[in-house]
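Asker: TrEMBL lists these features:
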type	residues	note
REPEAT	50-91	repeat 'WD'
REPEAT	93-134	repeat 'WD'
REPEAT	235-276	repeat 'WD'
REPEAT	277-311	repeat 'WD'
DOMAIN	332-396	domain 'SAM'
DOMAIN	403-476	domain 'U-box'
Amino acid sequence: MATLIHTLADHSDDVNYCAFSSTYLATCSLDKTIRVYSLNNFTELPYSPLKGHTYAVHCCCFSPSGHVLASCSTDGTTVVWDTGDGRMLAVLEQPSGSPVRVCRFSPESMYLVSGAADGSVILWNMQSLKLHRSGNVKDGSLVACAFSPNGNFFVTGSSCGDLTMWDDKMRCLCNEKAHDLGVTCCDISSQPISDGEHGFRYFQMASCGQDNQIKLWLILFADFLGVELKYKCTLNGHSAPVLACAFSCDGQMLVSGSVDKSVIIYETSTGNTLHTLSQHTRYVTTCAFAPCRPLLATGSMDKTVNIWQFDLKQPCAGNPVENESKVAVEEWSEDDVSAWLCAQDLADFVGLFKINNIDGKELLNLTKESLANELKIESLGLRSKVLQKIEELRMTTISVPAAVPDEFLCPITRELMKDPVIAADGYSYEKEAVENWISSKRRSSPMTNLPLPSLTLTPNRTLKMAISRWLETQQK
């Protein structure tokens, strides 16, 4: 259940973008300002609105720690702000002076990317606040950008419809024509997924465009294989251009906003629509999930930002604290650890833990010495507080069973498969479940909704053996 809990109506013109940190929500607008709100009660911070741009502000984003906010504008600049007091830390001028449409921090906060209307892509060094490297897309304006969770690459989207992948040295890794009428937004899930067959780990990416479509992609990044971008499926639900899309922090949901004034929330594993929200009265231009709370923000040309809250019983909040009995701490991702830190009132450490790649297994192995020597937490009081919370967590995980690997679950029933078969769409399902699916006169794929070229089901013996081995380990 998604419930509208608050509406922000402080901007005097179209809302172009909204972004969350663990403690704040930032919004920006055609009215040239950025506004920053506390997530505790959605009150505006004393230093807000931030005024420094001379034209419309198109995008804003927080650094992973939440201590820095970046915004970019038609005025050709990307401004860096201190979220503690609202001070302007730097004004980064696009070398060409072209309007800057999008900006993004790398996961470790080392770099900031800015993309402009002339197709220029600038990688800024956040320590020196100087230009580090630059590049250009082949055609069109650069309007979208997303970093991979590991920071090894980022993807840009252009108004001519291309998705381009870059490494951290600004080398073009690959280019794909994605949306005929132009890309409008893209996002990469923070949760890698397995292909269930070869053991490769993929990043899942979503892109949306002027063609009314949302496309899901799988990105494989490996030294021995290079980069592979695979089309997965298309989500159809909007009747007009889709202007924004974003994954929830657990990767289980995808939200989109459209010219048709609606917001649609999809379940990424099945492509099914979970919610359709229709409260905005004009184009929905932006949407974002909070990283540590069950919140969604949607912004519109109606000058408002709506805040939605989700029922914690749904697997959408990305909050492992609410699901400890279901997910073993050892299986927590880095984002799960971030959510736990926020729940323990330790949000200031989110950036530090992310930089050091602390996942659930690493979290349980932290000691007084590693907190001081490796994570460089100088305050004895803070080290003791973190260690106490970790000790409490260790006590709650003794009897927690290991989570079932997602690739062992049938996409239809979401239950552990006993007799997995491969359908013509390339996905594996529980035999009885997919037979029932087909017998109900549905000749489309349960995963992609595309027509099945064949109704043949092939036993997946490799997957069945893997499930059997996993079950044996759980009985020891």
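Cβ from N, Cα, C; glycine included.
Thinking about packing and proximity, how do these listed features fit into the structure?
Answerer: Confidence across the repeat 'WD' (50-91), taken as the mean pLDDT and rounded to a whole number, stands at 95.
Counting residues of the repeat 'WD' (93-134) by DSSP class, helix then strand then coil, yields 0 helix, 24 strand, 18 coil.
Note on the repeat 'WD' (235-276): residues 2, 181, 184-191, 193, 204, 206-216, 282-292, 296, 298-300, 315-318, 335-336, 338-339, 406, 411-412, 414, 446-449 of its chain, located 6 or more positions outside it, place their CB under 8 angstroms from a CB of the stretch.
Note on the repeat 'WD' (277-311): DSSP counts are 0 helix, 19 strand, 16 coil.
Note on the domain 'U-box' (403-476): DSSP counts are 26 helix, 12 strand, 36 coil.
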Asker: Can you name the far-off residues of the same chain, 6+ from the ends of the repeat 'WD' (50-91), with a Cβ under 8 Å from a Cβ of it?
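Answerer: The answer is 13, 16-24, 26-36, 97-105, 107-109, 112, 114, 116, 124, 126, 129, 347-348, 350-352, 354-355.
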Asker: Using Cβ atoms and a strict cutoff of less than 8 Å, what residues sit near the repeat 'WD' (93-134) while being 6 or more residues removed from its termini?
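Answerer: Long-range Cβ neighbours of the repeat 'WD' (93-134): 55, 58-65, 68, 70-78, 80, 140-151, 154, 156, 158, 166, 168-170, 351, 354-355.
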